[in-house]
Structures are given as C-alpha cells and as structure tokens.
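Below is one structure, written out as structure tokens, with a few remarks after it.
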Amino acid sequence: MQSASPSPERATGPVRPVDAPQFSAAAPVIHASPPGPSYIPPFGLRTVIGALGMLLAVHVAGFNEHVTEIGLSDIRGAMHIGHDEGTWLIAIYEAFNIAAMAFTPWFYMTFSIYRFSIFMTAAMALLSIPAPFMPDVTSLCILRGFQGLTAGCLPPVLMTVMLKYLPPEIRVFGIGGYAMSATFGPNLGLPLEAFWFEDAGWHWLYWEIIPLAALSVAMMAYGLPRDPVHLERFEKFNWFGILTGLPAICSLVIVLYQGDRLDWFRSPVITGLTFWGVAAFIVFVINEAFHPSPYFRVQYWKSRNIQASLLSLVGILAICALMGDIPATYLEAVRGYRPIQAAPVSLVVALPQLLMLPLIAAICNSRKVDCRYVLAGGMLCLAGAAWLGTWLTSDWVRDNFYPLQILQVFGQPMTVIPTLMLATLAMGPADGPFISGMVNMLKGLANAVAFALFSALTRRREQYHSTMLLDHHGTHGLALQGMGNPISGQLSGTSPDAAHVARNSLQVFHTYVHEQALVLALNDIYFVLIWVCLGYAALNLVLPHRVFPPRPPSSAAPVG
C-alpha cells in the first residue's frame, strides 16, 4: 500500500504508523514485498466523515445497480424496450461493474484514494443524467457499461479506507461498515424502486443517485486525506494483464447472466464467450503470478484462511441473494404484487441491519469470541430460514415471509462479517490493495452466480413439476369426473358460448398448473439451500485458522 501523506491543513498533530495485525500462532501469514513505512493522519472526526462519505458512495453505487435491475420492467415499458434487449442492460452493466473491481486497487494507488474516489463517484452520477433520453438500446447499453465501470471502482476503495484509516481497536467495525454493502444495500433496492417509480416517475430510477452522490463527494472531499499522485507507477503498468483480464471477466459474467436465457451451450454466443473467456482468464492468472506489478497476488491462495474465506464469501452472498430473490419472485408471479406492495418484505431485512451490523461487529471485536463460531451460528440461522421456506404454498402472502426474513436479519451479518475478518485480518498492511480487488471481484461474482443458479434451477424444476402435474392430471383426471369441473362451473355464467367457456377454463387450469409448478420449484431451491448452509457451517469450523481482532502494537497478542 502506498504511503499516505496528509494534507497541509490536516497535519496538525503526530501521525501514527499503520500497525501490523495480530495473528494466531497457527495462522499462515502471506505478505506482499516488504514495504516502506506507511503513515496515516491522526484519527478524528474529519477522518470519520471521509470514511462515511466513502461508505455512502458505495451504497449509491449499489442503489444504482439494484434499483434499475428491479425496476427493469418499468424502464422497458417506458422506453419501449423488449424483454430480450432489456436483459442485456443488466448483463453489460454487471460485467463491467465486476471487472472494474479487479483492477481498481492499482489505479487508486496511482491517482490516490482521494482523487480517484471523487472522480468515479461524480462520473457515475453524471452518466445517469442522459440515461432516460438514450435514443436506442445500443446507446443505452454503452452508457450503462461505462456507468457500471465507474460504480465497480468504489467498493475496493471502501475496503482499503476502512482497513487503513481506522485505528486497530475499531477496525472490525470498519469491516462491519463494509459488510453493509452486502446486506443493507441490496435489501433496500426494492423499497427504493417502489418509492421512486410510484412517487417521482420512472426517470428517477436513473436519477435517484444524484443527490446522494453529491453528498458523498462533499464528505469525501472534506474528510479523505489528500495522498500524493504516483504517476511513475505507469512505467511498470501491467498492460497485458488488463488486456486479457478485462475481456475475460466480462465474458464470463455475461455467460452467467445470459446463459439460461440462451439455453447455455446450445447457443454459439455462450459457447464462444465461455471458451475465449476461460482461455483469456487462464492467461491472465498466469500473468498475474509472475508480473512484477500485478493487480492481485495469486500466491494468496496458498493461505488456508484465504481459500476458505473467499470461497465462503461467494457462497454466502449467493445464498443471501437467492433468499432475497425467492420472495420477490413468488409475490410478483403468484400473488401479482407490485414492488411497492412487496417492499416491506425487504425492509424487514434491511432496516435492522443498521443495528445488527454494529452489534455483530462488537461481538467479533472481542478477543474472547472466535468469529468462526459466529459464522457457523449465522449459517444455522440461514438454514433455519430455508427450512421455513420449504412450507411455501400458493396461499402464502407477504406476512408469511416475515419469520424467514427475521432469521436472515441475524444470519446475514453473522456470516458476512466473520468471513471478511478471516479474509482480511490475516494480512499485512501492504497486502490491502491486492486483497481488496480479489475480495470485491468475488463479491460481485457471487451475485452473477446467484442469478445464474436461480434462473437455471427455477426453469428446470418448474418444467419438471409442470410435466409431472400435467401427467398426473392426464392419468387420473377421469377419477373425479363425477364431481364435475369446478372451473367450468364458475365460468359457465360468463358466456353463452360453450366453446368460449371451455377455452377460458383451459387457460385458468394452465394458470393454476403454472403457479403450483413455480411454488414447488421455489420449495426445491429452499431445500437445496438448507444443505448448502449446513455444509458451509461445518466447513468453516474446520478449514480456516482462528484470527484475532487487531489491537494497537503495544497490546500483547493472546496465546493459543
């Protein structure tokens, strides 16, 4: 990590060195090449304001992603965009958003956190202004691609700010603040979409980020240290890495978002993107392993904690995303809810995070608490929520999901914060930029994996259950013939034409079959999630070594 030189107006007091983290005796430690001394300005209110501004900027980027994704049907209707074209808006945005996370640390180390963060936040907000006025889908996709690129640059900076500028005794609370981008922000997307569309108009699904982005820029301009620019780093710029890594990551993300719609490898587009994406990514990883100025260090995967925590992070965030998608899909497809009617289900998870995240961070900040057991407890909460979800029927309404959501209120922060602790607290100060890009890229990739899994599982299981229900009806339909046809009986008074009534009865029957097939498919996903959660709970008790919350250098590390 580059040395941070405080601005003249902030150099009123002694600076404190960046401390080295405390490690358990068993935990392997991997460091970057030995850095020179790194200094940060004294911790105070100004630093807090800057860090909160960075946190707000990341939430703004998340709102820009989730609000437009949830409100895509409303945007398509207003801009006369077809369904298939609309899916590319999401895929291209997410592709550049995730790819940017991998390369961001090199650029903020070069241009400084202060300048880089303000520029990217302002650019993201400014790009939203012309979005509703784009003349066609192609131009809108290009615009959203650039906006995804700017939004993806912000989460890695937040992780570095929380780990670098906060003193050791509250650094775990900084990790909790970063975890808000994975628990609080995504669950707030649905309520915000409902508010802006219903009360302000569809244009504000794009423009809603502008006021908060302006506030975050002002807070960062006031509070973040003005580090020097290091343009000499371009002498060792990893051109080959970015030319292979950027298209590789974009290709693989597009495969995950478009694969199910295009029927996976039966599509030449998906086949080509997968082949060239995997080939380019392998070349990119080999280049990163030997390049003197890599974007992230492949050698970190030798650490047992890094392996366990990063793989767990992908799985946990995918589980949380799936558990958020199921109620939204059910309430929209079966009950016909609009986003404003389904919003309370998401708010039940989102709002308590403002209390739960600091509480879980305080628990994990105690050296008497092993964060691995907190993680296992959180996975059990998520498994319990999935078990309750297996009772889903077509009679459920919004209120039936509240017990599941309450368990997720506890489960999400109890899993995300310990996982981030296991990934980051076993690293040295100079490792921050190299691990932040890797963590955030995998964090974004988890959403793409969840999208692909949900699409594939829902379609396959719905087709299976639909086939079984129709087969059962065809085999045993005559057994209840003496009881009459209740659907035709209710529709007989709507038209004197018997053929018209028969067609309507058949349509209603197929609607019932579709609803039941979807409910059974969602039940199957809940059942799978139970075992996945239990598996992660067991693995994280065995695989990672224990890490201790950081303390000032004068504090003695506990033994054993």
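A Cβ is built for glycine as well, from the same backbone N, Cα and C atoms used for every other residue.
Computed from a predicted structure; not experimentally measured.
According to TrEMBL, the transmembrane segment annotation covers 43-63, 88-109, 116-134, 146-165, 204-225, 237-257, 269-290, 310-330, 342-361, 373-394, 440-458, 525-543.
Sequence-remote contacts of a segment are chain residues at least 6 beyond its ends whose Cβ falls under 8 Å from one of its Cβ atoms, and for the transmembrane segment (525-543) they are 304, 307-308, 312, 315-316, 319, 322-323, 326, 372-373, 375-376, 379-380, 382-383, 386-387, 389-390, 392, 419, 454, 457-458, 461. Counted over residue pairs 6 or more apart, the CB atoms of the transmembrane segment (440-458) and the transmembrane segment (310-330) come under 8 Å in at least three pairs, which marks the two as touching. Simply put, out of 43-63, 204-225, 269-290, 342-361, 373-394, 269-290 has the most Cβ pairs sitting under 8 Å from the transmembrane segment (237-257). Counted over residue pairs separated by six or more positions, the transmembrane segment (116-134) shares at least 3 Cβ pairs under 8 angstroms with the transmembrane segment (43-63), which defines the two as touching. Listed by sequence, the residues of this chain that lie at least six past the ends of the transmembrane segment (204-225) yet keep a Cβ under 8 A from its Cβ atoms are 4-7, 10, 40-41, 46-54, 56-57, 59-61, 63-64, 67-68, 71, 74-75, 113-114, 117-118, 121-122, 124-125, 128-129, 131-132, 161, 165, 192-193, 196-197.
Long-range contacts of the transmembrane segment (269-290) within the same chain: residues 238, 240-241, 244-245, 247-252, 254-255, 258-259, 262-263, 296-299, each at least 6 residues beyond the stretch ends and with a Cβ under 8 Å from a Cβ of the stretch.
Cβ atoms under 8 Å from those of the transmembrane segment (43-63) belong to residues 10, 16, 117, 121, 124-125, 151-152, 154-155, 157-158, 161-162, 165-167, 174, 177-178, 180-181, 184-186, 188-189, 192, 208-209, 212-213, 215-225 of the same chain, restricted to positions at least 6 beyond its ends.
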